[in-house]
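Undergrad: The structure's right below; bear with me while I get my questions together.
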Amino acid sequence: MGNKYLLLSLCLWALTCSLLPSFSYGLMRIGLKKRTLDLEAIKAARMVREKLRLSRPMMGANDHSVNKPGIEDDIVPLKNYLDAQYYGEIGIGTPPQTFNVIFDTGSSNLWIPSSKCYFSLACYTHHWYKSSKSKTYVKNGTSCKIVYGSGSISGFFSRDSVTVGDVVVKNQDFIEATREGSLSFVLAKFDGILGLGFQEISVENALPVWDNMVLQNLVNEPVFSFWLNGDPNAKSGGELVFGGVDPKHFVGNHTYVPVTTKGYWQIEMGDFYIGGVSTGVCEGGCAAIVDSGTSLLAGPTTVVTEINHAIGAEGVLSVECKEVISQYGELIWDLLVSGVRADDVCSQVGLCTMRDQSKSAGIEMVTEKEQKDLSAKDTALCTSCQMLVIWIQNQLRQESTKDRVFNYVNQLCESLPSPNGESVVDCQSIHILPNITFTIGDKHFTLSPDQYILKTGEGIAEVCLSGFIAFDIPPPRGPLWILGDIFMRVYHTVFDSGNLRLGFAKAA
């Protein structure tokens with residue numbers, strides 16, 4: 001009989017432990033989910049990146065049903081947008097008003113749209129914070145502004161309770177945005193940003209949410225860690241763990257390096273290798289920022305140009321330009337030679353919206369089905385077509401031969417820079433591309449082609465993009481590298497604010 005009671009007690013104990021939230025063990029977990037990659041969304045994200053300090057993407061995906069039945073109270077499911085940008089739901093106020101925010105190690109303030117935002121379109125497409133609805137709201141009123149390149153937000157500070165998972169951070173200062181001065185914020189489907197950087201780069205020196213979590217003893221230790229699932233087919237996108245690390249998230253031991261400059265999570269990086277060959281660029285050391293809010297790997301133009309040349313990457317605009325020459329060059333030539341007005345050529349070909357529904361003599365328009373198939377690329381292909389018309393027309397005036405004209409415009413296509421940084425790689429050549437290696441703490445951290453190339457689409461619509469973008473940060477912060485989600489997916493990353501260090505280990 002005694003053994004039965006003992007067995008029953010053990011079963012009840014095990015059941016109780018299994019039902020306890022993970023925060024009972026000093027860790028607070030935030031589940032990550034991810035969305036499929038999409039070329040048009042990538043282009044939109046590049047546009048938005050230009051609005052952000054240090055190229056942090058400001059795009060997300062709105063999902064009002066984040067908390068789902070069966071999920072522990074201390075789990076905050078996050079969405080992964082473009083397989084790179086991660087965001088999740090937090091609550092502000094009592095009772096909590098919910099907002100989708102990016103968890104961004106590259107900034108330090110928490111901001112969300114205010115109900116007092118009357119004159120910005122972006123505010124009308126997102127959730128508002130209403131101070132009158134919160135029992136714990138405390139007025140501050142200090143005005144502020146955050147500049148993100150050509151975009152900015154402005155507003156004023158307020159204080160309230162902030163709920164992150166099962167944790168309630170009391171007396172947290174945050175920004176109520178009353179003006180979001182960029183179209184980028186209209187396009188973005190997140191509401192705001194929760195910065196996980198240091199107080200040194202916080203506007204008005206406001207104490208970041210993470211610092212308050214530590215000061216209020218809401219976590220076991222001053223450490224948080226990112227595990228981003230590298231399996232593109234997995235349902236789980238990974239986890240953000242506050243208060244420590246989960247041994248299941250990594251293999252082997254972490255390599256720890258000190259934070260060299262408080263503000264961003266900035267470290268020193270050593271030599272950089274392409275296919276095992278030193279570039280010599282960082283032999284004397286390069287600054288690098290580990291930024292969960294950046295999707296790709298950003299670095300100085302000189303190095304990224306070498307990388308993209310080595311992997312055969314071409315600017316997206318160059319590829320689309322060549323595509324127009326290959327598929328429509330002969331027709332464009334014939335139309336111009338036959339006397340069709342230059343302004344009408346691209347609509348006749350079907351790459352631009354028609355200005356006139358009538359047909360030119362003897363010229364058959366593309367079918368409605370073809371028009372529909374082209375709609376996804378309409379803007380880029382139309383732009384390429386219009387440029388080609390101008391180039392060919394200028395060459396015709398010089399009475400150049402057909403072969404010489406097409407050779408000339410092909411060269412011009414190759415010279416076209418991608419305005420938003422994206423570069424295309426031949427999907428069939430990925431297996432022969434070189435490995436790329438970073439040196440951190442005298443150890444090599446290697447990315448294989450499958451890890452630094454992003455794929456989107458299927459079949460004939462498949463597109464492969466280089467994970468490297470050129471982005472030059474001016475002094476005094478730059479020049480530097482930004483190690484974004486591509487790097488963090490391969491290497492489990494520990495942010496140790498107590499010891500001012502970052503740790504990297506092979507992700508499980």
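In case you wondered, yes, glycine gets a Cβ from its N, Cα and C as well.
Whatever TrEMBL says is automated annotation, not expert-curated.
Okay, these came from TrEMBL:
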type	residues	note
SIGNAL	1-18	signal peptide
DOMAIN	86-505	domain 'Peptidase A1'
ACT_SITE	Asp104	active site
DISULFID	Cys117-Cys123	disulfide bond
DISULFID	Cys282-Cys286	disulfide bond
ACT_SITE	Asp291	active site
DOMAIN	316-356	domain 'Saposin B-type'
DOMAIN	378-419	domain 'Saposin B-type'
Undergrad: Which recorded positions are spatial neighbours of Asp104 (active site) here, meaning Cα within 10 Å, out of Cys117, Cys123, Cys282, Cys286, Asp291?
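TA: Those close enough are Asp291.
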Undergrad: Whole-number Å only: compute the distance from the Cα of Cys123 (disulfide bond) to the Cα of Cys282 (disulfide bond).
TA: 43
Undergrad: In whole Å, how far does the CA atom of Cys286 (disulfide bond) lie from that of Cys117 (disulfide bond)?
TA: 42
Undergrad: Limited to the domain 'Peptidase A1' (86-505), I'd like the whole-number average of pLDDT.
TA: 84
Undergrad: Work out how many Å separate Cys117 (disulfide bond) and Asp291 (active site) at their Cα atoms, rounded off.
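TA: The Cα atom of Cys117 (disulfide bond) is 29 Å away from the Cα atom of Asp291 (active site).
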Undergrad: Please give me the CB contact count at 10 A for Asp104 (active site), counting all chains in the structure.
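TA: So the Cβ neighbour count for Asp104 (active site) comes to 24.
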